[in-house]
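Asks: Questions regarding the structure given below will be posed in turn.
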Amino acid sequence: MSPECARAAGDAPLRSLEQANRTRFSFFSDVKGDHRLLLAAVETTVLALIFAVSLLGNVCALVLVARRRRRGTTACLVLNLFCADLLFISAIPLVLAVRWTEAWLLGPVACHLLFYLMTLSGSVTILTLAAVSLERMVCIVHLQRGVRGPGRRARAVLLTLIWGYSAVAALPLCVFFRVVPQRLPGADQEISICTLIWPTIAGEISWDVSFVTLNFLVPGLVIVISYSKILQITKASRKRLTVSLAYSESHQIRVSQQDFRLFRTLFLLMVSFFIMWSPIIITILLILIQNFKQDLVIWPSLFFWVVAFTFANSALNPILYNMTLCRNEWKKIFCCFWFPEKGAILTDTSVKRNDLSVISG
């Protein structure tokens, strides 16, 4: 073998290793340069505000739903939705720590768990929304036939399936996220980053496609079909009301209107989820494409703001829910605090109204 061939053969593994390092996305690790403190302060302010609003909103929504005397399947699923939001925002302190230190100094365990828990909570959220829409559609059909809804054991099984499937679906992220040294643009030396390293490109492609399909598109299709069916039932019920004004019929319509109000709220939650989670899904797919197109540049700062936008969904969910379904409860709380006598009157008059609520029945 000629010296030129031997030198080329020896340099090939180095070039391959250098290319592999260049394709590793650093996610939250980023060298910000001279304005590091200012940028980190802005990022901290934004995420801290999202964290505070989300924590307060979800905890208050949890208390309002949990204090109802009767909690059905829908209420349990809504509680599950708020729990998933709380799990999702638990990643914010870790994200802020990395944005301040730039390098990953939290250890391998946190690296394995951070993106795993974020993906797990997102999967639980969309599956819960799909389960609520499907359960409400089935409940309305069974209500018209005089059939009772699922019992406590069925609810426990449903929640176990949602969390179990989400945990298994996100498991590859827990396995393949690891801490590696890498030199980032603007850095004088290598720093530790938490990045995703798949054994094969084929495995990464198959997981990305299957996860987006099964945990994003299919639940969205279930929600759309369920809402379409409920709209058909609601329109048919209103037409029957114009023909017959019997008490039983009017009572059935009142329940349908409450269901329609609940579905309108859940529809808003679903729309906000898809709007605020679509950018992160697209960004993850672009990171996958980066393996094939080296000229495609995705900055870690852009990834951070996309994730921050996704975090904001956890703050928006309880706001939408409280504004549309819990306005009377919040009015009662404020009146009890500022006007005790008026609050007592509202408390007495709202008992029967709460008993008629489908979400608590």
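Glycine is treated like the rest: Cβ placed from N, Cα and C.
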Asks: Check Swiss-Prot and name the cysteine among CYS60, CYS174, CYS194 that pairs with CYS111 in a disulfide.
Replies: CYS194
Asks: Do LYS32 and LEU262 end up on the same side of the membrane, going by Swiss-Prot?
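Replies: In Swiss-Prot, LYS32 is across the membrane from LEU262.
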Asks: With Swiss-Prot open, pick whichever of ASN21, ASN322 is annotated N-linked glycosylation site.
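Replies: Candidates were ASN21, ASN322; Swiss-Prot attaches N-linked glycosylation site to ASN21.
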Asks: Can you find at least 3 Cβ pairs under 8 Å between the transmembrane segment (269-289) and the transmembrane segment (157-177), where each pair is 6 or more residues apart in sequence?
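Replies: Between the transmembrane segment (157-177) and the transmembrane segment (269-289), which are separate recorded stretches, there is no contact, as judged by 3 or more close Cβ pairs.
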Asks: Using DSSP, how many residues of the topological domain 'Extracellular' (99-112) fall into helix, strand and coil, respectively?
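Replies: Across the topological domain 'Extracellular' (99-112), DSSP assigns the residues as follows: 9 helix, 0 strand, 5 coil.
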Asks: Cβ-Cβ under 8 Å from CYS111 (disulfide bond), same chain, 6 or more residues apart: which ones?
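Replies: TRP104, PHE177, ARG178, VAL179, CYS194 - these are the non-local Cβ neighbours of CYS111 (disulfide bond), listed in sequence order.
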Asks: The transmembrane segment (296-316): which same-chain residues, six or more beyond its ends, come within Cβ distance under 8 Å?
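Replies: Long-range Cβ neighbours of the transmembrane segment (296-316): 25-30, 32, 39, 43, 46-47, 50-51, 53-54, 57-58, 85-86, 88-89, 92, 95, 99, 122, 272-273, 276-277, 279-280, 283, 286-287, 289-290.
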